[in-house]
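Structure, as structure tokens:
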Amino acid sequence: MGADAIQTNGQDPAKLTVVEGIERLRSAVKNYEWGKLGHDSLVARLHEANSGNRVDPAVPHAELWMGTHESGPSHVVKEEELGSGHDGSECMITLKSWVSDNPDVLGPRVVDKWGCDLPFLFKVLSVTKALSIQAHPNKALAEKLHREEPLLYRDANHKPEIALAITPFQALCGFISLKELKEVIANVPEITELVGSKAADQIFTVNEKDGDESIKSIVRLIFTQLMSASNNETKRVIYEMKMRLITETNHRELTEKEKLVLELEKQYPGDVGVISAFFFNYVKLNPGEALYLDADEPHAYIYGDCVECMAASDNVVRAGLTPKHRDVQTLCSMLTYKLGYPEILKGFPLTPYITRYLPPFNEFEVDHCDLPTGKSTIFPAIPGPSVYLVIEGTGKLQTGSSQLLVNRGDVLFVPAHNEIHLTGESDVMKLYRAGVSSRFFQTL
């Protein structure tokens, strides 16, 4: 791989590896059924470049994981040296084991706060089919769920996250406004058929001046009754809705949300998540735009490629658009029911070539670098660890006295206190960096 090409200005490469501490990683891939197939998947192309393994064109490649989480750990790649030379073979240890043996790479503040572990999990997603209607628990709920059902909820951590679009990216995120919700209840009669007019009509008895809690309690009632409807009744009503919308295409142009609902029905026939999509904001991100998702906020990714970063957790509470385990009661009780369109993050310039995305969480931030050939930029040294991913092009990465040539698919672990100098060597080199939030280091 590209990171193998290390120039050391006449010094011993092994010693430089120890001093500089930058490590090349092999990353785990997840073959969830919603992932894009074969080389259509950015995840597949990156995994092939990262691992050297050929891609099966019939297999979905959904997620590339970069971090220490036990459900998909990255591995540190070491060349086995035999005498004065080496045979090019690789031995690998988990990044978590290596970090535990070398805690200084995290920096003292990170170790004090989170122990000998990365506090963030970095991913790439390639989505061709909608993910589940889901939310991630806050810390207290995560601890409770892990304690009570450890096989379903594998860790005790919360999972705030950010999704940064690489390609045009579609998602459902958060509840629509009260005004929009009233229009939905009035124009989608199948919702009233499922939840009953007594519950549905309550939405027309409140307005903005009644206060958030009054509004939220009614939205919670309607949404919970919708998600709790019987399977047989739900399937029947969704079929009626589908036929109504198909018939109405003869008389009018369907709304974007109605078109989406029909597409979701093709993917998940009769699933309650299809009709629940009317309750959520339909968000379309352009490349370079991002969503941040706090705990207890509903969402579902629909289509596209994105970089995702989150607190180091794999806890997901699902209730629709999925063949996996559903925990409807937990999901409906945990949501905040905050209404309105989510904030879209566009980042801010760190240098002319680096954009930083800084969500309001201590565990992580994400940088995106687009670097033309011959141009250089600097990632400043920070008191915590970073993971770098090259998704396109080639470049030269330098820190201290070591210099690495990096290519598409290279994943690098960079310890605390390393300033990184980067020079582009292709038309455009595209790189992402995940690290502990700079806000965390600014607090006492």
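Positions of Cβ are set from backbone N, Cα and C atoms, glycine also.
Just so you know, TrEMBL annotations are computer predictions that nobody has curated.
Spatially close to Arg318 (active site) yet at least six residues away along the chain are Ser132, Ile133, Gln134, Lys324, His325, Arg326, Asp327, Leu331, judged by Cβ distances under 8 angstroms. Under the heading active site, TrEMBL lists Arg318.
Annotated Zn(2+) binding site per TrEMBL: Gln134, His136, Glu161, His299, in sequence order. Within the same chain, the residues at least 6 positions away from His136 (Zn(2+) binding site) whose Cβ sits under 8 Å from its Cβ are His158, Lys159, Pro160, Glu161, Leu293, Ala295, Asp296, Met310, Ser313, Asn315, Val316, Val317, listed in sequence order.
For 24-175, the entry in TrEMBL reads domain 'Phosphomannose isomerase type I catalytic'.
The average pLDDT the prediction assigns to the domain 'Phosphomannose isomerase type I helical insertion' (194-279) is 96. Positions annotated as domain 'Phosphomannose isomerase type I helical insertion' by TrEMBL: 194-279.
Per TrEMBL, domain 'Phosphomannose isomerase type I C-terminal' is recorded for 358-401. Listed as Cβ neighbours of the domain 'Phosphomannose isomerase type I C-terminal' (358-401) (distance under 8 Å, sequence separation of 6 or more from its ends, same chain) are residues 2, 8-9, 11, 16, 19-20, 22, 25, 42, 46, 66-67, 99, 105-110, 113-114, 118-120, 122, 124, 160, 162, 164, 166, 288, 290, 292, 294, 307, 309-312, 345, 347-348, 350-352, 407-441.
The Zn(2+) site is set by Gln134, His136, Glu161, His299; from the centre of their CB atoms, other residues of the chain with a CB within 8 Å are Ala135, Lys159, Leu293, Glu297, Pro298, Val316. Take the CB of Gln134 (Zn(2+) binding site) and look out to 10 A: across all protein chains shown you find 24 other CB atoms.
Note on Glu161 (Zn(2+) binding site): other Cβ atoms within 10 Å of its Cβ, all shown chains, come to 25.
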